[in-house]
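Undergrad: This is the structure I want to talk about, given as structure tokens.
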Amino acid sequence: MLDQLALRGPDAEGTWADEHALLLFRRLSVIDLAGGGQPMVSPEGAVLAYTGEVFNFAALRAELRALGHHFGTASDSEVVLRAYLQWGERCAERFTGMFAFAVWDARKHELLLIRDRFGIYPLYYARLESGLVFGSEPKAVLAHPGVRAQVDLDGLRKLLSFAPVPGQGVFRGVFEVLPGSVVRFSEAGLTSSRYWWLAAAPHTDDLPTTIASVRELLEESVRAQVVADVPWCVQLSGGLDSSALAALASRVVGAPIATYSLDFAGHAERFRAGELYSSPDAPFAAEMVKWLGCEHTELVLDSAQLLDDATRRDVVRALDMPSPGGEMYTSLYLLAAVIRQRHVVTLSGDAADEIFGGFVWYQDEWYRNSQTFPWLLASHRMELLTGLLDRDLVNRLDLQTFSSDHYRSALAEVEGLPGESALDRRMREMTYVNLTRYLPVVLERKDRMAMASALEGRVPYADHRLVEYVYNTPWAMRSFDGREKSLLRAAVKDLLPQSVLERVKAPFPTTQDPAYAAGLRAKLEALLADSASPAWQLLDRQRVAKAVLGPDATARLGVTRLSLDLATQLHDWLTSGIRLVV
């Protein structure tokens, strides 16, 4: 099990055991490189295995010292352990950060699994006949002989739906600790409870105060998240979110910062604007580099790199399943590997769109009035991944009903305020489902692709104090100038060049090179020659045979490039010990 997480923690490992519990740990050293070894044991009988960052650890250490606690290291790990000893499981309510940790408390014969508010850091578990096993990734849990790597229809729905059900994983019997939750396991059994959720609260600030507060909260988050004892950098796309982040980070440290961007060979020449893609990233990223004087690295990928078999196998292994986002995952994996050559920590603009209303579905009334997750309507995402699957399987999966039922369940979780307008209620629902159903996909992608290279990814926009504040701001303020991300733009207008400040939202880029789709069809043609491949348990051979004939045949089938991409990954996934139960 320890070996399965070697990529996440290459710097050190540790083991602790007694007659009731075994804790294994792999460390990526970021704070207090010499100290902070784990599992960390207290004289009182509590043992900690912790990963992530508690950004307010210095203030908490001072508070705990005043309460009589003594510290032998400068690590945030020891602060987490001492905080648990002082406040019990409610210590998590005091943490600002991204974390997942386990505490074995020998005094109570009790195991606690605790995860940060948005699930930035992963934490999985499975029940055993006489116990419980847990780990940072499914592969660690599946390495236990008491857990089988089985995938049933529900697991396939999670893989294919673009709207995962919180707490449920792809593998049968393997669950996620819910964001903002505590899982308790003892002789009394297993329970789960929430210590945080997105709560509705009145917003009493006027617009100028709100804009100033957003700026203050964001700047405070960035200031906390550039603290590290290792080199850090910012991922810079040239969009509003990452550009504001880079500008604030540069201002906080008072010096040029390191930045990285991603592009594709020939992308500028092939780029065509559409509903979701208004402009290519590269010119805006270059302008920000000049504006801030960054030490910049641009990674330009070609189709050969994106199609490389070994790289694609590594992506499937890192994710523990085929990637639902095609070459987006591969490009992030390759970018992380380049960043890790010189930096250990990276900051990115993820979560800003979900919080501030950056997506097209926040602005367009047709999306806002939909009866399902709005991102499923964009580019007909419900069918994006199923084009080459067996038709009987597609019918049994019934992703339409699955997503609709899940959507209604998500809306039922949303708290409202007395007297709230219909528009504010609807936009609260939109923000809630984006933060609790869409953002987890983004965060999982970021974590797995970065940690496959032992790169820690931080997301300053996901500071819970900033999220709570903006979440409860009326929509009229959040869109006061009729544009997307009005509040964020107003809060950082003094930091950015006008072209970047006024740039319309553009999603993460994908390659426009026809050679990429041609390469996928070639891989499928090779798969057709392998009649023994376990991928045929899921694929429709006739549809695959037609799809490999060329782009026109693929278009006539209504098959997307993402479907081609997914189909080419199924063989590697299912030959890694996965058993389908469908």
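Cβ atoms are placed via backbone N, Cα and C, with glycine included.
For reference, TrEMBL lists these features for the protein:
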- 1-188: domain 'Glutamine amidotransferase type-2' (DOMAIN)
- Asp76: L-glutamine binding site (BINDING)
- Ser348, Gly349: ATP binding site (BINDING)
- Asp350: site 'Important for beta-aspartyl-AMP intermediate formation' (SITE)
Undergrad: With every protein chain in view, what's the tally of Cβ atoms within 10 Å of the Cβ of Ser348 (ATP binding site), excluding that atom itself?
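TA: A 10 Å sphere around the Cβ of Ser348 (ATP binding site) contains 24 other Cβ atoms.
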Undergrad: Just name the winner among Asp76, Asp350 (the recorded positions) by count of other CB atoms within 10 A of its CB.
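TA: Of the recorded positions Asp76, Asp350, the highest Cβ count within 10 Å belongs to Asp76.
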Undergrad: Just to verify a number: CA distance, Gly349 (ATP binding site) to Asp76 (L-glutamine binding site), in angstrom, no decimals.
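TA: Distance (Cα to Cα, whole Å): 24 Å.
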Undergrad: State the three-class DSSP label for the residue listed as 'L-glutamine binding site', counting H, G and I as helix, E and B as strand, and everything else as coil.
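TA: Reduced to three states, the DSSP call for the residue listed as 'L-glutamine binding site' is helix.
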